[in-house]
Amino acid sequence: MDWLMGKSKAKPNGKKPAAEEKKAYLDPEHTKSRITDFEFKELVVLPREIDLNEWLASNTTTFFHHINLQYSTISEFCTGETCQTMAVCNTQYYWYDERGKKVKCTAPQYVDFVMSSVQKLVTDEDVFPTKYGREFPSSFESLVKKICKYLFHVLGHIYWAHFKETLALELHGHLNTLYVHFILFTREFNLLDPKETAVMDDLSEVLCSNAAAGGATGDGASGGAQGAQNHVKER
């Protein structure tokens, strides 16, 4: 679990940002696409008589498997050559090893670190207990928050670097649906710092604002979120 304890901070790296590309995933024709019009705002609420940690564990594990599956659909296009850094918009992410040392890696290496580490956690009975009588560790909620942060990075990278391939595979409806469900769930239980998700605020606004009504038409993104990305950051 040591890999989850490292801290990351955003700071300018001094590099001149590349010209911002048009974000295809914000196109109204694409943001309308869903595989279901289910009211996710109701789906994420903690059911009566269900333990909070059980609910967090069940959903976190499910999101992990679905995000891993979504990434696998474009993984052949995410290589060390095409994605030399783990980038989302103008934010670059670094991995932190067991000693807390920052590791610069390619996007596929970063995603592999995320998925293998989360897989190890969700199958650990001491962290995600499934047997009767076993208790969740006192640090469980903080671990779930860390997991959600890294899964968010993976989702963001798919949108930012591989939305074209996702469109070609006609899987953008699946991606949008997964994103809405994930974001609304993390908001319901305060699992993600708003500063962490700000990099995708424009998409979140379009997809999630009318989620309960069955999806947004996406007639524009928040200009403030895009304007805030005026320099390359490191995390």
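Note: Cβ is positioned from N, Cα and C throughout, glycine not excepted.
Checked against TrEMBL, the range among 1-23, 47-69 recorded as region 'Disordered' is 1-23.
The Cβ of C83 (Zn(2+) binding site) has 20 neighbouring Cβ atoms from other residues within 10 Å, across all protein chains displayed. Around the Cβ of H162 (Zn(2+) binding site), a 10 Å sphere holds 23 further Cβ atoms from the protein chains shown. Fewest other C-beta atoms within 10 angstroms, among the binding-site residues C78, H157, are seen around C78.
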